[in-house]
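Engineer: Take this structure, written in structure tokens, and hold onto it; I'll ask about it next.
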Amino acid sequence: MREVISVHVGQAGVQIGNACWELYCLEHGIGPDGFPTENSEVHKNNSYLNDGFGTFFSETGQGKFVPRSIYVDLEPNVIDQVRTGPYKDLFHPEQMVTGKEDASNNYARGHYTVGKEMIDSVLERIRRMADNCSGLQGFLVFHSFGGGTGSGLGALLLERLNMEYGKKSNLQFSVYPAPQVSTSVVEPYNSVLTTHATLDNSDCTFMVDNEACYDICRRNLDIERPTYENLNRLIAQVVSSITASLRFAGSLNVDLNEFQTNLVPYPRIHFPLVTYSPIVSAAKAFHESNSVQEITNQCFEPYNQMVKCDPRTGRYMATCLLYRGDVIPRDVQAAVTSIKSRRTIQFVDWCPTGFKIGICYEPPQHVPGSGIAKVNRAVCMLSNTTSIAEAWSRLDHKFDLMYSKRAFVHWYVGEGMEEGEFSEAREDLAALERDYEEVGQDSMDNEMYEADEEY
């Protein structure tokens, strides 16, 4: 069995976790109490081991299924909602780790003071869970860049996981600060510091920003004032599509290592852009054909992206198309050929093929009350493109505005952090921007050279 352990850190991580496990349970026919429902695959197969979902659930002697996940937060409020909510019986009490005081939106508190006191007990729970795995494949870490716990404790956890489980895959799902919408003033500080700290400890980071998700909910789902629950259920559909090939059988399955192999050309350039299609409300669903060609085309439209940036200005290095539901390889081939023939979608010249395809035959599951209509096929596109550097430069600019006046820095230094870490982190992000520039530049230079030769 190739097990995967999910770790949900801080408020964003925990709330996305709730939406993900709610969806996984629906997909696999597991009730909120952890026991299989009547139409569950367990009854069809007589054994969960025949099926891929043992990668995400472990089975107890009583026939109950327990998620392979850990919830971590420095304050108890958000996790208490899970402890008393509809899925309270799904999780083992030991899977919930809470502290007594929060990180106050301060990376240094999450990383150096409050978080440091808690990290060993978190790792002990992870160790116990890893011991129950026969062939641990890796970790999925869910957190936000902007909060204190998500950024500080998230970075510390990834550091320690890398030390103790260096050979295992480490994938992050991170809520990135939105361009206009902000949840705290010091978001740029926390984000730059956590990116610097995790750059060498994460194999692949899938980013989503709240503003892009708000826009998708408003435009595609006709939800006038989207709540975090709407956003999280949308993100859960994306996470489910990425992990579907680990949990279900399919003709072209993709495992954790394959994501890195196909999407990350250089170790530091590991931030794929995520796009999902179709996202339609129930009212619109009957009027759209959602053919393979159509949903593939929608993935290349900026308005379906989970991070605000313009892919038409950059170049694609690698693209992973993960289809699920009623999809046949021939249709996918036709869709990809038509995409390649477009002049607007440009690939770097050192990666001419550029497409990795995954097909999982399990259709997307509809969550009641999510606003997303039930569809018979969907696609999630993960693309490593140079245009995501736009997001980094936006973040760096906000950081510079505050740091030039040393605003709020004393709160971080007061928690035992060196002021030099700010400039070190900022330099690292400047280097990251340059890395993206160079990768795109190589192609530009070659093109100019070829044009000169033709002339």
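Placed from the backbone N, Cα and C atoms, the Cβ positions cover glycine too.
Grabbed the feature section from Swiss-Prot, which reads as follows:
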{"type": "BINDING", "residues": "Q11, E75, S144, G148, T149, T183, N210, N232", "note": "GTP binding site"}
{"type": "BINDING", "residues": "E75", "note": "Mg(2+) binding site"}
{"type": "ACT_SITE", "residues": "E258", "note": "active site"}
{"type": "SITE", "residues": "Y455", "note": "site 'Involved in polymerization'"}
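So where do these features actually land, and what's packed around them?
Structural biologist: All protein chains considered, the CB of G148 (GTP binding site) has 28 other CB atoms within 10 Å.
Taking a C-beta cut-off of under 8 angstroms and a sequence separation of 6 or more, E75 (GTP binding site) has the following same-chain neighbours: T98, G99, K100, E101, D102, T149. DSSP assigns E75 (GTP binding site) to coil in the three-state reduction, placing it in neither a helix nor a strand.
According to DSSP, E258 (active site) sits within a helical segment.
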Engineer: Between N232 (GTP binding site) and E258 (active site), find the distance joining the two CA atoms and give it rounded to the nearest Å.
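Structural biologist: So the Cα of E258 (active site) lies 26 Å away from that of N232 (GTP binding site).
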Engineer: Under 8 Å between C-beta atoms and at least six apart in sequence, can you list the same-chain neighbours of S144 (GTP binding site), or say none if there are none?
Structural biologist: G10, Q11, A12, G13, G150, S151, G154, S174, V175
Engineer: How many whole Å apart are the CA atoms of T183 (GTP binding site) and E258 (active site)?
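Structural biologist: Here the two Cα atoms lie 34 Å apart.
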Engineer: On the three-state reduction of DSSP, what should I expect for S144 (GTP binding site)?
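Structural biologist: Looking at the DSSP assignment, S144 (GTP binding site) belongs to a strand.
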Engineer: Reduced to three states, what secondary structure does DSSP give T183 (GTP binding site)?
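Structural biologist: DSSP assigns T183 (GTP binding site) to coil.
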Engineer: In whole Å, note down how far the CA of G148 (GTP binding site) lies from the CA of E258 (active site).
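Structural biologist: Each residue's Cα considered, E258 (active site) and G148 (GTP binding site) end up 32 Å apart.
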Engineer: By Cβ count within 10 Å, point out the most packed of the binding-site residues listed: Q11, T149, T183, N210, N232.
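Structural biologist: Selected residue: T149.
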